[in-house]
Amino acid sequence: MSTVKSVLFKDPASTESARSILRVLILLTIAAAAVASRLFSVIRFESIIHEFDPWFNFRASKYLVKHGFFDFWNWFDDRTWYPLGRVTGGTLYPGLMVTSGAIWHALRMISLPVDIRNICVLLAPGFSGLTAFATYLFTKEMKDSGAGLLAAAFMGIAPGYISRSVAGSYDNEAIAIFLLMFTFYLWIKAAKLGSAMWGGLCALFYFYMVSAWGGYVFITNLIPLHVFVLILMGRYSGRIYVAYSSWYALGTLASMQVPFVGFLPVKTSEHMAALGIFGLIQLVAFVDYLRGQVPSKQFNTLLRALVILITVVGFTGLVTLTVTGVIAPWSGRFYSLWDTGYAKIHIPIIASVSEHQPTAWPSFFFDLNMLIWLFPAGVYLSFRQLRDEHVFIIVYSVMASYFAGVMVRLMLTLTPIVCVAAAITVSSIFDTYLEIDSPEEQEEDSESKKSKKEKAKEAGGFLSSKAPFVGIYSITSKVAVVGAFSVYLVLFVLHCTWVTSNAYSSPSVVLASRMPDGSQHIIDDFREAYYWLRKNTPYDAKVMSWWDYGYQIGGMADRTTLVDNNTWNNTHIATVGKAMASREEVSYDILRKHEVDYVLVIFGGLLGYSGDDINKFLWMVRIAEGVWPQEVQERKFFTSRGEYKVDHEATDTMKNSLMYKMSYYKFPSLFPPGQAQDRVRGARLPSEGPVLHTLDEAFTSENWIVRIYKVKDLDQFGRDHFAVSAFEGGKKKKGKKGGMAGRAAGKRGRRVVRI
Amino acid sequence: MGLTLRSVLTALVSLVSLSQGISLTGPRTLLVLEDDVKAQFQTLISDLEARGFTTTTHTPKSTTLTLFQHEERVYDNIIIFPTKLKGLGPNLPSSSFLKHATAGGNILILLPSSQDDNVPTAIAELATQVDIYLPPKGFAVVNHFDPADAIEPEHNTLLVDLPSFPSDTKNYFNTGEDKDAKLLYRGAGFAVGSSPLVQPILKAPRFAYSYDTKEASSFADDENVFSAGKQLALVAGVQTRNNARITFVAGGDLLADKSFTKVAKTNKMSGNRAFAKDVTAWTFKETGVLRVDGIEHWGEEFGKEVVNGDVYRIKHNVTFSIALSEYSYDHFKPFVAPADDAVQLEFIMLDPYYRIPLPASSSPLTQHKNSTTYSATFKTPDQHGVFTFAVNYKRPFLSNIHEKRAVTVRHFAHNEWTRSWGISGSWPWIAGIWVVVVGWIGFVGLWLWSKPVVAEGKGKKKQ
């Protein structure tokens, strides 16, 4: 046995260089695997920007590359939110665009002119390799490089992270997760070493993170929480003080340089914890200094009492300041983190976003697979050692688990810690079961055991951390456990690959379906319609659509939009909702006032595309109702039995709404009489389709997914459009305006007095 | 070479002669009349031809008549003369007139003066579409208080004053030599709806009314009166949104030869012939047509070098000017707004932030020949967004001016704010910063260069 060992594993010290080469190779392989698995979308479809937000980021990147940094900084975008415009330079997180812009310039500098689109498409996969590396560093600080490599591998392919970082998913999260992990690594390093340099580096990457993603608030709260827990555990030390103070002071000042953040770090509740801990740690440091001067056994108790008192006083002060309005109250998105029902009642615009919904439990298994059950074990193992950095893992796990349960998109912040914890577990299992020697032969083991015990004692940890070391004696159990885990790991890789290729690689701009013979059929209605807009409408045409499509219209069609995914102005969105939900007479005035030329709706009834505007319609109604409760009422869109219907049972309000009319205009003519079928809602439509008076159908895409209508101009002769259609339809003018059909105004003439 | 030069010259000459055409729409005029009617309107037609119109005559039932060829207007102007027919021919449905006007062509419609004559269905439909309401057959306007001919028992021929309008409206219908001449009128009148596109040109005298002659031969009760007084229009002009003009004359005799005579009562010539000229000139766009010769806007930040730029900044002065001229028969002349009226400028984002009068400018940036420049300077509001300079000048009988120029009003860029030291309130804070900086450097210097006095004390501390 020992000969085998001596052949296979030489003295660790002598193989160190070989090991480090191996580690580099493994990390490079992991990075390559991480990048490669994200390229499914490019291979399946093409090099294209995905979904919604990335289109804005892409557009902003193009602007940055074309006009330079300062113009980008002061960018006033007059092609969105017409006519309000958007101070885009001051209301975005520029980190992502600046990163790709810098890469673009760097590549040009070395004579590699690459199209900005390709940089944008491949930025997320590229950064996923770096994320794997950051995770390696982070985990290495927690356990050892073996666990680090496992964590890097997990992070590289975990679907929870891939979902936001496939090629083409050019969103803030693409670089933010790397920055998150790297900032945490630097923080752990700073806290371990008590080094102002590492703290400063941590602040630097914190600044990068702030400039890249609104999720920076997670770091802003997690690091103070870590420090706070350490202080409560009585683990305050000079190292913590130096690390935290240097990070907070530099990081906060740096973060305030981002225009979108500005004075938020000293004004809003989300940032108050960090400020409070900064104040607290100064007091603690002072008290600690006093203790150094006056040693006393009661001092510890006094210190704890003081800490708790100050916390209570600080918290009360915070509440008072918030109530009196000095500190801005928590934003709606944060309320919805505590109360999942809050947004639904108060801020429909937040609730209407699918990624703000609470997570369904299967998605934990879908996104993390076996990691999710290894995760608690990893947290448990952290408890056993419980050094300062392990407290961080525990705090992070608790917070991230909660938030991931509340909001689907925050699964993203949970994924790294799950990978780290799972890697610690698997690595511990392998450490235990891959030991070729049996424990009794080993003298070192008992020693190491002892030392561990002592360490744990020194740390003043929990009972669990004093558990005796138990070795594995039988080869069978070793093989069985290691074999089982190897199978699990293979299955995990298979699962990740399958999920990535099937669930997360669709650009959603292009839809794919299977033909009966199994071949892939591409449904390209969105681009068809956007390209039609681009080629057939004047450059300054204004296109109204629901806000979901604002970024895509801006990015692909390059036309002015009224509202987009930025959703900064609820009233403007409600105006669009009102226009969609009202009768034509009401809508037409809104359209004229906003100088709308084209109206775009998404209709899935022909193809069975369920994400269409009729299914989103109730959100438009709700948002409009929030602003005009008298004019738009959600109740009126439901039948008397409370059902949302589009067939002949639909209410009059529903049938007369602009959205309904635009969606089903001429739709029944596709079918034999009486056979019109809406495949999304499974409803049979009335054979008489809706009639449009104030809009003309301008374009309908191949599968009817996108329908574009042109807003009619005012009538040349001052008639309203209903009269025009009546006249052109051959019907004579009747009623109050007419009199004897077409002949005259009757014997008594017009009784309206003209002044 | 010579040939091409000649052809170019010919083209130029023909262009020039075209541009000398009197109507802005064009000279091609269609006369829809029956042969016997033509004789009644000889003077009107010859007056038109004398002013440069080229006339083509068709009967209402003509089968060769077509208003559009290859989707282009064949005629610029159409005159429908009174006819005894109940309906116009198949080539003249009401929709063809609407199409003609939509394409920018003008129409003058003369309704019959005799209550026994029909109004063609197509004409009545057209009238309804533009908010003019004709009485049924058999109606006539009477004025028992001021009949033109006291001997005539029906009092159906009226003496009407030439049109007069409030002082904020330009009068294009009283340009004859004799401003006090009376018009001889005979017809049924009509009622005008509240559409802003319709403007009555000639209204009935206060005591005149239109009544059903078949029901009551010499008097009328309330049942049989169609309309009366100022609510009863005799001539009305419609100007569509694209500035095509349609004029209804309720009583074709107003423009007929037989009215161009002396009025027995006053023993002076009637004003009809001059009025006929005014009505046709307005309808066929010889008068009352405005033209925008130029729009210029510039801001103080770039000065007059950048004119008509796309971007302005909040809270900065902007000057807007518009040059307007008016067409008068054969030439453009400076447009002078009536004394009680003003050309206005709106600065709009959803709603107007400004609505200010544009006075005539004495020293415009660009001198336009034959036009008046209206100009105003104002400060952009403290609100960024896409704003529109809008001049929405729509007045009776003047062609519509609706000019919009969208510009971006942007926020201050990061380097356009006053620097911190430029704000006196910030001085204590700046001083505070420098005191800290200098103090800290001084402290570090002291710390580094002052030798510890007692070395033993330090050693104790270490333990």
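Glycine residues also receive a Cβ, built from the backbone N, Cα and C atoms like all the rest.
Features of the protein shown, as given by TrEMBL:
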type	residues	note
TRANSMEM	A:21-43	transmembrane segment
DOMAIN	A:22-421	domain 'Oligosaccharyl transferase STT3 N-terminal'
TRANSMEM	A:91-107	transmembrane segment
TRANSMEM	A:119-139	transmembrane segment
TRANSMEM	A:145-162	transmembrane segment
TRANSMEM	A:174-207	transmembrane segment
TRANSMEM	A:213-234	transmembrane segment
TRANSMEM	A:246-266	transmembrane segment
TRANSMEM	A:272-290	transmembrane segment
TRANSMEM	A:302-328	transmembrane segment
TRANSMEM	A:364-383	transmembrane segment
TRANSMEM	A:390-408	transmembrane segment
TRANSMEM	A:479-500	transmembrane segment
DOMAIN	A:542-592	domain 'STT3/PglB/AglB core'
Report task. Could you tell me what the rest of the chain brings near the transmembrane segment (A:91-107), counting residues at least six beyond its ends with Cβ under 8 Å? Result -> 57, 60-61, 64-65, 69, 72-73, 113-114, 116, 119-120, 123, 170-172, 174-176, 179, 208-214, 258-260, 566, 568
Query raised in the report: Counting only pairs 6 or more apart in sequence, are there at least 3 Cβ pairs under 8 Å between the transmembrane segment (A:174-207) and the transmembrane segment (A:119-139)?
Result: yes
Report task. Determine how many residues of the domain 'STT3/PglB/AglB core' (A:542-592) DSSP places in helix, in strand and in coil. Result -> 32 helix, 5 strand, 14 coil
Query raised in the report: For the transmembrane segment (A:145-162) against the transmembrane segment (A:119-139), do we get 3 or more Cβ-Cβ pairs below 8 Å once near-sequence pairs (under 6 apart) are dropped?
Result: yes
Query - Residue numbers, six or more beyond the limits of the transmembrane segment (A:119-139), whose CB comes under 8 Å of its CB atoms - result: 27, 30-32, 34-35, 38-39, 42, 47-49, 54, 57-58, 61, 96, 99-100, 103-104, 107, 145, 147-156, 161-162, 164-171, 174-175, 177-178, 181-182, 184-185, 188, 416, 419-420, 423-424
